[in-house]
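Chemist: This is the structure, below, for whatever I ask next.
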Amino acid sequence: MKKLSARRRHPLAALVVLLLALACTGGLYAVFAPADKAQADETAQSLTIEEGKKLYTVGCASCHGTGGQGTSDGPSLVGVGAAAVDFQVSTGRMPAATSQGAQIPRKKNIYSQAEIDQLAAYIASLGAGPAVPTEAQYGPEGADAAKGGELFRNNCAQCHNFTGKGGALTHGKYAPSLEGVTPKHIYEAMLTGPQNMPSFPDSTMSEQNKKDIIAYLNAVNGDETESPGGLELGGLGPVSEGLFAWVFGLGALIAVAVWVAARTAKAKKS
Amino acid sequence: MSSQDIPEENLPAAQDTSHGAVKLADEQNPFADPGLPPHEPRVQDIDERAAKRSERAVALLFTVSMLATVGFIASYVTIPVDRSVYIWPIGHISALNFALGMTLGLALFCIGAGAVHWARTLMSDHELADERHPIEAAPEVRAKVMDDFRQGAKESALGRRKLIRNTMFGALALFPLSGVVLLRDLGPLPGTKLRHTLWSKGKLLVNMNTNEPLRPSDLIVGSLTFAKPEGLEEHDHDFQTEIAKAALMLVRIKPDDIKDKRSLEWSHEGILAYSKICTHVGCPISLYEQQTHHALCPCHQSTFDLSDGAKVIFGPAGHPLPQLRIGVNDEGYLEALGDFDEPVGPAFWERG
């Protein structure tokens with residue numbers, strides 16, 4: 001101690017003290033930093049929810065109520081989960097132009113993905129519900145398209161047709177075509193059951209089942225899908241094929257017959 | 001009435017068959033037959049070089065047809081069945097199917113087009129009229145036929161030999177019975193098969209997606225699930241026969257929304273189990289709208305309200321969908337509490 005005290009007026013003493021102080025501050029920071037970061041995360045999360053609530057108040061609250069409790073114009077959003085929000089908003093179905101009419105159609109999405117995530121975070125904070133699926137859940141790895149076809153015909157084909165071309169329901173409602181719908185949105189639709197579509201939760205249709213169904217749809221509806229029979233005519237089934245054969249097939253035959261008979265073979269002037 | 005009886009003035013004007021002679025309608029005879037228009041020659045009739053050209057065109061069409069047929073056989077032999085090819089605007093299609101269709105179509109079309117071109121440009125194009133004749137036979141022929149018939153009837157002595165006549169009638173009347181008896185092989189009669197399904201007390205409801213027995217907590221409000229009776233496996237030889245009657249559609253509706261008392265009682269906390277077979281003509285029905293609780297049949301649009309005992313609210317179906325009474329066993333799995341209490345599927349005469 002004496003030694004230390006003796007050197008307190010040394011020209012380098014101030015520098016040593018400064019270094020020690022810096023080391024202490026650094027150490028203290030290292031000890032407390034994780035806690036600070038977690039706090040920062042929580043703040044970011046609550047900020048996201050805050051932002052989501054703002055977006056919600058502007059775009060959604062008029063129908064779904066100020067706290068997502070629902071009104072006569074829109075259902076309660078408590079417990080629908082982030083997956084439902086991501087599906088409805090990023091396919092442009094929500095916000096809807098009107099709650100009237102048979103069904104809310106797909107339209108252009110006006111929100112950025114970040115805004116959708118904020119909205120989803122806010123709705124998810126109202127009550128537990130299915131989360132947005134990850135690429136691992138709907139990606140093509142480990143999927144069995146043949147099994148998916150079987151599942152699709154058993155669970156989905158009654159409304160969406162055998163290769164997902166869609167079909168009519170009652171009173172102007174319809175099952176939309178699944179062509180060009182992203183795997184993520186198909187997964188979310190199965191999970192949450194948008195509008196009149198029944199839901200197929202993981203407890204009755206496993207994650208693997210959903211992955212298989214998406215692989216099947218990609219196999220029959222993708223850009224590279226082969227159609228061995230030739231022109232698909234919309235893939236709607238025997239009705240459109242029969243109509244085409246009767247109208248265009250027979251029509252062409254009649255037109256040729258009329259043309260052959262109407263064209264004279266006579267020399268104009270002899 | 002024979003043509004001989006028609007008064008002369010009512011007969012159509014005698015047709016002038018000489019080509020070019022045109023008789024126009026006038027005051028006295030408004031429906032006069034103008035006859036055939038004068039024959040006009042074709043280029044090929046006058047110009048031998050044009051005729052040669054036509055000949056070559058026809059021969060070319062037939063040759064193309066031959067080549068197309070050879071092409072058909074060659075494609076069949078050489079193109080692998082799984083080769084895919086992109087053809088605008090059809091898309092990715094089977095190369096083999098496309099080649100076979102095009103060559104076969106071309107071969108047939110060229111035969112037809114060649115034949116038409118040949119007939120129109122080279123074969124004789126003189127129009128020939130063929131007069132119609134009375135359909136009726138001459139009176140003497142008719143008289144002879146009637147005489148022959150009467151004589152035959154007399155010689156057969158059917159009126160006199162009654163034994164022969166009666167036994168013949170008997171034989172002819174009995175003979176068709178052999179055909180009627182053979183109809184028995186269409187059977188056996190269904191018995192009570194239409195009234196029963198595989199469901200019975202204590203059978204678990206097995207999820208058709210996962211092949212696992214279902215628990216009430218698996219089914220959320222608004223979900224749709226299909227179930228089969230425990231013990232029925234897809235590779236069983238009678239799977240199709242049995243599932244055609246036992247197919248089950250499970251929906252969950254908030255108990256407050258279920259209007260039908262009995263329906264609610266037969267459900268388990270709002271889980272309703274209905275037959276998936278339409279009561280009209282037996283299509284599988286599962287177009288379920290979870291907000292309206294309507295189930296729609298894709299065949300004839302029969303619509304059932306699943307929240308109201310599956311009552312028919314639209315379409316040709318005559319009965320509500322039969323409901324299966326379900327409960328939960330000791331281990332917490334959903335189970336049937338018996339068979340359907342009425343026959344599932346389309347009505348039949350003895351259904352009652």
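Cβ from N, Cα, C; glycine included.
What TrEMBL records for this protein is below:
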SIGNAL    A:1-30  signal peptide
DOMAIN    A:47-127  domain 'Cytochrome c'
DOMAIN    A:143-221  domain 'Cytochrome c'
BINDING   A:CYS156, A:CYS159, A:HIS160  heme c 2 binding site
TRANSMEM  A:243-262  transmembrane segment
Chemist: What number of additional C-beta atoms lies within 10 angstroms of the C-beta atom of A:CYS159 (heme c 2 binding site)?
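Modeler: For A:CYS159 (heme c 2 binding site), the 10 Å Cβ neighbour count is 24.
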Chemist: Measuring CB to CB from A:HIS160 (heme c 2 binding site), give everything in the same chain under 8 Å that is also at least six residues away in sequence.
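Modeler: The answer is A:PHE152, A:GLY166, A:GLY167, A:ALA175, A:PRO176, A:SER177, A:LEU178.
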Chemist: Other than its own, how many Cβ atoms are within 10 Å of the Cβ belonging to A:CYS156 (heme c 2 binding site)?
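Modeler: Its Cβ has 25 other Cβ atoms within 10 Å.
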Chemist: Please give the average pLDDT for the domain 'Cytochrome c' (A:143-221) in this predicted model.
Modeler: 92
Chemist: From the centroid of the CB atoms of A:CYS156, A:CYS159, A:HIS160, the recorded heme c 2 site, which same-chain residues not already listed sit within 8 A by their CB, in sequence order?
Modeler: A:PHE152, A:ASN155, A:ALA157, A:GLN158, A:ASN161, A:GLY164, A:GLY166, A:GLY167, A:ALA175, A:LEU178
